[in-house]
């Protein structure tokens, strides 16, 4: 689809000015029509893959909430409470783990509704589920890093910091890798790049 964007942009700049508007409108309509036609054929596979990954993340984060880093306290005053309950990094672990689980469950629920095969809902589902999955993925990574940091920091601080930094950087690095084709297209086309057309392509 990015190649269509590039071809359309280059074509619109070489067509004479008198024909440019008609060519742009015709090409853009054809691109949108083809994009919409591909939605239903891709939706089944997309829903299956997304729901499986979301269910896996939900299972992992749910289990992590009941297998707390450091275990539970045996003190008479704090019986049953997590040992690191008062540490800020542990609280970040709990918050990020909860967000990841909730967003993952939301995607699983939306994947059930997506079987309605309503076109408008499917388009909205793909955009919404993508955002939710990125958030779930990022907060899961943060939860993993903060959980290990809580356990390792008292004994091996440098390793705990290294793991935490890697876990925080990973979601941003993944976004860059995922957007790399569009980034390269922007570099090749410069000011000729059509962001509005790219948005229509990605939304479909």
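Sequential numbering from 1, following the chain as shown.
Glycine is no exception: its Cβ is also placed from the backbone N, Cα and C atoms.
Since we're looking at a predicted model, the values are computed, not measured.
Taken from TrEMBL, the feature domain 'PGG' applies to 45-150. DSSP labels the residues of the domain 'PGG' (45-150) in these numbers: 83 helix, 2 strand, 21 coil.
Positions annotated as transmembrane segment by TrEMBL: 46-68 (among others). Within its own chain, the transmembrane segment (46-68) is flanked in space by residues 82, 84, 94, 97-98, 100-101, 104-105, 107-108, 111, 114-115, 125-126, 129, 133, 136-137, 140, 143, 147, which lie at least six positions past its ends and keep a Cβ under 8 Å from the stretch.
Under the heading transmembrane segment, TrEMBL lists 88-110 (among others).
Per TrEMBL, transmembrane segment is recorded for 131-150 (among others).
The feature transmembrane segment is assigned by TrEMBL to 156-178 (among others).
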I'm checking region-level scores; what's the whole-number mean pLDDT for the domain 'PGG' (45-150)?
83
